[in-house]
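Undergrad: The structure follows.
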Amino acid sequence: VGFKAGVKDYKLTYYTPDYETKDTDILAAFRVTPQPGVPPEEAGAAVAAESSTGTWTTVWTDGLTSLDRYKGRCYHIEPVAGEESQFIAYVAYPLDLFEEGSVTNMFTSIVGNVFGFKALRALRLEDLRIPTAYVKTFQGPPHGIQVERDKLNKYGRPLLGCTIKPKLGLSAKNYGRAVYECLRGGLDFTKDDENVNSQPFMRWRDRFLFCAEAIYKAQAETGEIKGHYLNATAGTCEDMMKRAVFARELGVPIVMHDYLTGGFTANTSLAHYCRDNGLLLHIHRAMHAVIDRQKNHGMHFRVLAKALRMSGGDHIHAGTVVGKLEGEREITLGFVDLLRDDFVEKDRSRGIYFTQDWVSMPGVLPVASGGIHVWHMPALTEIFGDDSVLQFGGGTLGHPWGNAPGAVANRVALEACVQARNEGRDLAREGNEIIREASKWSPELAAACEVWKEIKFEF
């Protein structure tokens, strides 16, 4: 018989250093930490095998298919500078292994069982190259950056948001009031907190109604288009869709979803509904740190960001950069570009392992949120540029005079930074000066500067 039973080394079948990658292959870069005594080639081949066609022993049914056509291949291994026990294994997967238009299926294969594999101490997926042939099977973001600007009629500046706090405990009426005050003061958006779904103190339908009222009142008074991210995340897909449908019936511009806790299947369904019905979709990344925080195990956020662009979302939270380490800044800007741009070159200094061509799939606006305030505005404007959403929760609601003045302070600071930049000034060097000048004309901004002045910002 042509079948030899028994266990054999993975590297005999799955380590192929001479392999020329195809344009249609999905390429993955894994950071592998093998158990002591397991050679890199064997560990890399094991990853390729376990995340594609392999199993632990030779099986009779292997003879019924063409392994050459379907197997994953570890085609390159490189050491990691400064880490004795780690290396990067590059794996190529044939396109046929994956269902079209399913992020869920892609992840089930690539980051499925293999992460519990005994021969490895740890495994981290650092980056994925999605071939254009696979990209084209996804609808992607419901609308994208340009369409959003046109819908909102806001150009040439970042958009401003604010998460309504306290995140849990407000009644719907008081919640709506906070929304109105922020929008009236000058913000473009307010946001449901990611944990706000439909709890006993505020059921979703009541919240939607009072927020819609707040939006329309603020729009009428300011002459600007306003939005509130109504969180449609729910315990079942049916309930999630019910909430999205009600939002559409109210005529509001945008809804929101927690894509990791809600799951990619639910998210993609919601994204399709949003495109069909003209709703923008704001994505929150609750649970991402469970997956991406460990340096040697899990998945890097850039992979989750790519997956979201494929599954669909118009905004996604992407960290703030400010006050963090310099290296962190380059890495963050790397995946921010992966979200926004049509074509991104391989650049290891920014953590980008592969050149990615999105073939005109719409882009996603990165959202900077978490612990930022008016003194950060120049840096945020410089780092993120116009195509971003800057969200100040406490930085708006924590204003000593209240929500509306807090919103005014942020809007004045933003407009001052944008104007200064357009006049050719260096925001990195003159940032504090620009904010100080602007605060002479805005008592609201002056008060905000005073409250947060001791929180130093090292650029």
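Even glycines carry a Cβ here, placed using N, Cα and C.
When I checked Swiss-Prot for this same protein, it listed these features:
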MOD_RES   K4  N6,N6,N6-trimethyllysine
ACT_SITE  K165  active site, proton acceptor
BINDING   K191, D193, E194  Mg(2+) binding site
MOD_RES   K191  N6-carboxylysine
ACT_SITE  H284  active site, proton acceptor
Undergrad: Within 8 Å of the centroid of the Cβ atoms of K191, D193, E194, which other residues of that chain place their own Cβ, given that this set defines the recorded Mg(2+) site?
TA: T163, I164, K167, D192, N195, V196, Y229, N231, M256, H284
Undergrad: Which residue, of the recorded positions K165, K191, has its CB surrounded by the fewest other CB atoms within 10 A?
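TA: Least crowded of the recorded positions K165, K191, by Cβ count within 10 Å, is K165.
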Undergrad: Here are the recorded positions: K4, H284. Which has the lowest count of other Cβ atoms within 10 Å?
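TA: Taking K4, H284 as the recorded positions, the minimal 10 Å Cβ count falls on K4.
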Undergrad: What recorded positions among K4, K165, H284 are found with a C-alpha within 10 angstroms of that of E194 (Mg(2+) binding site)?
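TA: Cα within 10 Å of E194 (Mg(2+) binding site): H284.
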Undergrad: What subset of the recorded positions K4, D193, H284 lies within 10 angstroms of K165 (active site, proton acceptor), using C-alpha positions?
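TA: Checking Cα-Cα distances against K165 (active site, proton acceptor), the recorded positions within 10 Å turn out to be D193.
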Undergrad: Including all protein chains shown, what's the count of other C-beta atoms within 10 A of the C-beta of D193 (Mg(2+) binding site)?
TA: 18
Undergrad: Provide the three-state secondary structure of H284 (active site, proton acceptor) computed with DSSP.
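TA: H284 (active site, proton acceptor) sits in a strand per DSSP.
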Undergrad: I'm trying to understand the geometry here, so how far is the Cα atom of H284 (active site, proton acceptor) from the Cα atom of D193 (Mg(2+) binding site), in Å to the nearest whole number?
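TA: If we compare the Cα positions of H284 (active site, proton acceptor) and D193 (Mg(2+) binding site), the gap is 9 Å.
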Undergrad: Whole-number Å only: compute the distance from the Cα of D193 (Mg(2+) binding site) to the Cα of K4 (N6,N6,N6-trimethyllysine).
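TA: Taking the Cα atoms only, D193 (Mg(2+) binding site) lies 58 Å from K4 (N6,N6,N6-trimethyllysine).
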Undergrad: Please report the DSSP secondary structure of K191 (Mg(2+) binding site), reduced to three states.
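TA: Going by the DSSP assignment, K191 (Mg(2+) binding site) falls within a strand, counted as strand.
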Undergrad: Validating a neighbour-count step here. Other CB atoms within 10 A of the CB of E194 (Mg(2+) binding site): how many?
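TA: Summing over all protein chains shown, E194 (Mg(2+) binding site) has 20 other Cβ atoms within 10 Å.
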Undergrad: To the nearest whole angstrom, state the Cα distance for the pair K4 (N6,N6,N6-trimethyllysine) and K191 (Mg(2+) binding site).
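TA: Distance (Cα to Cα, whole Å): 61 Å.
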